[in-house]
Amino acid sequence: MTDQQSRPASPRRRSTQSIADRLALDALYEIAKTFAAAPDPVAEVPQIFNVLSSFLDLRHGVLALLAEPGEGAGVNPYVIAATAFQRSPEAPAADVLPDAVARIVFRSGVPFVSFDLAAEFGAEAVPKRLRDAGQTLIAVPLRDPERSHFVLGVLAAYRSHDHNRSGFSDADVRVLTMVASLLEQALRFRRRIARDRERALEDTRRMLQTVTEQRGPAAPVSLDGIVGSSPAIAEVVAQIKRVASTRMPVLLRGESGTGKELFARAVHAQSPRAKGPFIRVNCAALSETLLESELFGHEKGAFTGATALKKGRFELADGGTLFLDEIGEISPAFQSKLLRVLQEGEFERVGGAKTIKVDTRIVAATNRDLEDAVARGQFRADLYFRICVVPIVLPPLRNRKSDIKPLAQLFLDRFNKQNATNVKFAADAFDQICRCQFPGNVRELENCVNRAAALSDGAIVLAEELACRQGACLSAELFRLQDGTSPIGGLAVGRVITPTVRVSAPPPEPAPAPEPAPEAPPREEVPLRTKTAQLSREELLRALESAGWVQAKAARLLGMTPRQIAYALQKFEIELRKI
């Protein structure tokens, strides 16, 4: 043993080492506290690097994880956190951590130290910001909390050194290894909490299902003819009960055939105006001139054929409710006239000068995208805000499938009463009906039930007797017409078509680019079947994802109308997601 080896460390060296150990201990204490209180440990890594920089002068911290865990052959790290680097999110991970270093740590699973990255891996391997100063890189593996043999990521930091490489010590490796261990424990604890939470939620779902099965099916919600037990229809009924007692205008929105007039009558029946009149006007069925006369009335002699004074619908609905169906179809010129009576409750008859005041509650309905119409200048924004005080969205029948059977039974009972018959549906017939999508909603369901009952040979309708089992489903035929596959002359006799499942055709083989097509006509002039035939399922899904699954926004992205988007959703059997 030499004298130098046996010589004890000097007091100054021991003091310096003691201070370094104390700083390392303090740093680990702060890091442990941070991880213990963090709901997301990875999100706290930048703060951890700040602690290492403040206490131990370890700068330029980097945490990189595998982009595709489990694929050892293709190590593809991406940086989660990188402090003290001027780096854009789009910059590659190699800007802060050399790829060669990441591969070494991922594959070996042991710490790595480099005093001169440029000498070992080339000048290009060194981050640009660190090329002008001596830097020691310390990188340690971050292991999967549940598979210790699998390296999940790399935790690295840089320390500046002089030409003698002073400043670095084995303590740096030990500290970073302990930080990685603390992060692993925090991740393990977080995963355990997530699993326990999921297990508790699953137990709760099972208990609720058991209780529901023991209680039996919920009683159908019935409110002035509204039938259903689904959560979607229950929410609509609850909204109607909340707003019916107020004087606020209600806007009913939904697809065609969802029963908007029925819900409008429910609003009226639940309101204090229930004993007053309920007057309905279909705004789409009348021209602008006739609509003005119908709503406001006219004086005798106001125009040719006005042989007597006629009260308008606003007057007739005084003290009650006026239902303006298809309000989205009125012309921009008439919208200003309607706005005045909605704002002030007064108007003049056509050809008259006397101002008439009324107390009428407005319930409007539309299946149009009014927001899109406002953006296009087709619908006045001030009128939109006046009628859309309480919007109620009526769910399509495909989103309330548990209501199909009670509704079908209601229509069957009504058919029997009207025709003095006693037709019943077999269980398999009900099952078949409940599997259908019904793009025409409740109106199509009623058509299906009445058709099956009218054409039935006996007292019981079997599944085989339904139109969809005989290749004569009306909604399926509509889809074939849009796709251009319907045979000329009508329905395809003998072809079995099930409208509940529609499989899209495989994409065609790539073909040479066609000749430039002539300029397309305006969007309103493009037939539905042309647009939907040109649209692919993937294009529709991409547009819906970009639009947050809002049909109106997706329609604008694709240059289509919301109605065309609705047909495309039915065509490709895509269910809307709630975000």
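For all residues, glycine too, the Cβ spot is worked out from N, Cα and C.
As recorded in Swiss-Prot:
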type	residues	note
DNA_BIND	551-570	DNA-binding region
BINDING	254-261, 317-326	ATP binding site
BINDING	CYS468, CYS473	divalent metal cation binding site
COMPBIAS	505-520	compositional bias 'Pro residues'
DOMAIN	40-187	domain 'GAF'
DOMAIN	226-454	domain 'Sigma-54 factor interaction'
REGION	464-536	region 'Inter-domain linker'
REGION	502-529	region 'Disordered'
REGION	505-518	region '7 X 2 AA tandem repeats of X-P'
REGION	537-579	region 'C-terminal DNA-binding domain'
Cβ-Cβ distance under 8 Å to ASP318 (ATP binding site), same chain, at least six residues away: GLY276, PRO277, VAL358, ASP359, THR360
Count of other CB atoms lying within 10 Å of the CB belonging to CYS468 (divalent metal cation binding site): 22
GLY257 (ATP binding site) and CYS468 (divalent metal cation binding site), distance between Cα atoms, whole Å: 19
Residues satisfying Cβ distance under 8 Å from LEU324 (ATP binding site), sequence separation of at least 6: VAL281, CYS283, ILE362, VAL363, ALA364, ALA365, ILE387
Summary of DSSP states over the region 'C-terminal DNA-binding domain' (537-579), given as helix, strand and coil counts: 28 helix, 0 strand, 15 coil
Cα-nearest neighbour of CYS473 (divalent metal cation binding site) within the listed binding-site residues, GLY254, GLY257, LYS260, THR321: GLY257
Conformational class of LYS260 (ATP binding site) under the three-state DSSP mapping: helix
Where CYS473 (divalent metal cation binding site) falls in three-state DSSP terms: coil
Rounded mean pLDDT for the residues that make up the region '7 X 2 AA tandem repeats of X-P' (505-518): 46
ASP318 (ATP binding site) in three-state DSSP notation: coil
